[in-house]
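Participant: Please see the structure below; I have some questions.
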Amino acid sequence: MADYFSDSFFNNGTGETIETVKEWGIFSAYALVLFFGVIGNFSIILLVLCNYTLQNTANILITNIAIGDFLVMVLCIPSLMVLQIRHSYPGGIFYCKIMSSVQVISACLSSLTLAALSYERYQVITNPLGDKRSNFSRRLKIAYIIIFVWTVSILLGIPVFVTTTDFYLLDIHVCQFVTHRSVLAKFLKSAILIVGFILPFFVLAFFNFRIAYCLLSSVRENRKRVSSVNSPGQDPQSRSRRKLAFIVCVMVFIFISLWLPYHIFIFVQEFGGRKLMMSSLMNEIQKIILLPPYISSAVNPWILYTMSTGYRQRLMRLITCNRDNKLARFRDDSRMLTLRVIATPKSSIRSRTCSSLL
């Protein structure tokens with residue numbers, strides 16, 4: 001992700017202020033994204049770490065996405081919320097560098113991991129017998145994927161960390177990632193666009209549409225097998241596969257719709273005319289252009305909870321674990337006490353009672 005405290009945001013620094021309703025509307029939107037994003041992503045990380053049965057390839061990759069999303073929620077959104085009220089960057093130079101680089105790292109981390117996840121699911125769909133390699137080999141493969149994704153993401157984030165700076169413009173504190181429309185800015189943002197969006201998008205689209213094609217083909221074959229017994233429309237396996245194929249296609253659409261507007265804006269910001277970027281329309285767009293990517297980071301875990309019964313059940317157990325454990329221990333203690341009383345002779349009970357009275 002690129003900078004968001006640019007000089008074009010503050011071209012109204014001569015005294016004009018954003019309308020109060022608009023300010024608090026954007027502030028509230030970021031607050032909701034922060035609330036649901038932190039809870040959702042942290043719970044995903046906690047569930048996978050605490051449940052050995054969830055530690056397969058797909059869930060570990062999902063956890064990798066959740067880690068990146070959680071970091072961007074904690075490190076970036078609070079400053080954006082303060083910005084909506086104060087109209088000035090609230091931190092220092094080090095926080096400015098960390099925040100800008102974390103945005104890029106998290107964005108590339110999510111998109112590259114999602115591409116790897118789509119490839120993994122394609123392998124599972126096309127090879128239903130499963131991976132016959134040892135558990136160590138599978139975990140080694142996951143480690144290689146995660147190391148590769150983090151390495152590429154950090155390599156893209158390092159130039160952002162180095163070039164990001166803060167300065168004052170008309171008494172307003174600005175945090176800016178590289179000078180706009182410079183050769184370095186065009187090169188870095190083009191690299192982020194290609195590696196962080198275009199390449200993962202094509203990988204994601206290819207494998208997910210291949211998955212949808214395989215699932216729909218299996219549905220047609222299943223219809224032929226069950227046509228003599230059941231109606232095709234009543235076959236539960238056919239319905240579930242059609243639903244999964246639809247969900248797979250929707251994932252591609254969500255990825256495009258939430259990330260494409262941001263990348264288009266960044267491209268226009270660097271390669272468009274300065275007069276266009278200083279227009280009131282572009283200024284208004286820049287105030288909310290970061291919302292769709294952040295919404296993507298916040299809703300990912302909740303989509304998983306909505307679609308996956310297993311995740312949803314484990315989340316409920318995590319929420320009620322203390323109460324359930326206390327109730328279980330209380331019931332066990334009650335049963336043991338009852339069994340002891342039943343198994344103990346009456347004479348023994350009388351003698352213990354008398355001795356206690358003495």
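Cβ coordinates are placed from backbone N, Cα and C, and glycine is handled just like the others.
When I checked TrEMBL for this same protein, it listed these features:
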DOMAIN    40-304  domain 'G-protein coupled receptors family 1 profile'
TRANSMEM  27-49  transmembrane segment
TRANSMEM  61-86  transmembrane segment
TRANSMEM  98-119  transmembrane segment
TRANSMEM  140-162  transmembrane segment
TRANSMEM  191-216  transmembrane segment
TRANSMEM  244-268  transmembrane segment
TRANSMEM  288-307  transmembrane segment
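What's the neighbourhood like for each of these?
Facilitator: Under 8 Å from some Cβ of the transmembrane segment (27-49) lie the Cβ atoms of residues 55, 59-60, 62-63, 66-67, 69-70, 73-74, 77-78, 80-81, 84-85, 288, 291, 294-295, 297-302, 304-305, 311, 314-315, 318, all in the same chain and six or more residues away from its ends.
Cβ atoms under 8 Å from those of the transmembrane segment (61-86) belong to residues 1, 4-5, 18, 23-24, 26-27, 30-31, 33-34, 37-38, 40-42, 44-45, 48-49, 95, 98-99, 102-103, 105-107, 109-110, 113-114, 116-117, 120, 142, 145-146, 149, 153, 290, 294, 297-298, 300-301, 304 of the same chain, restricted to positions at least 6 beyond its ends.
Nonlocal intrachain contacts for the transmembrane segment (140-162), taken as residues 6+ away from its ends with a CB within less than 8 angstroms of a stretch CB, comprise 2, 57, 60-61, 64, 68, 97-98, 100-106, 108-109, 112-113, 116, 177-178, 188, 191-192, 195-196.
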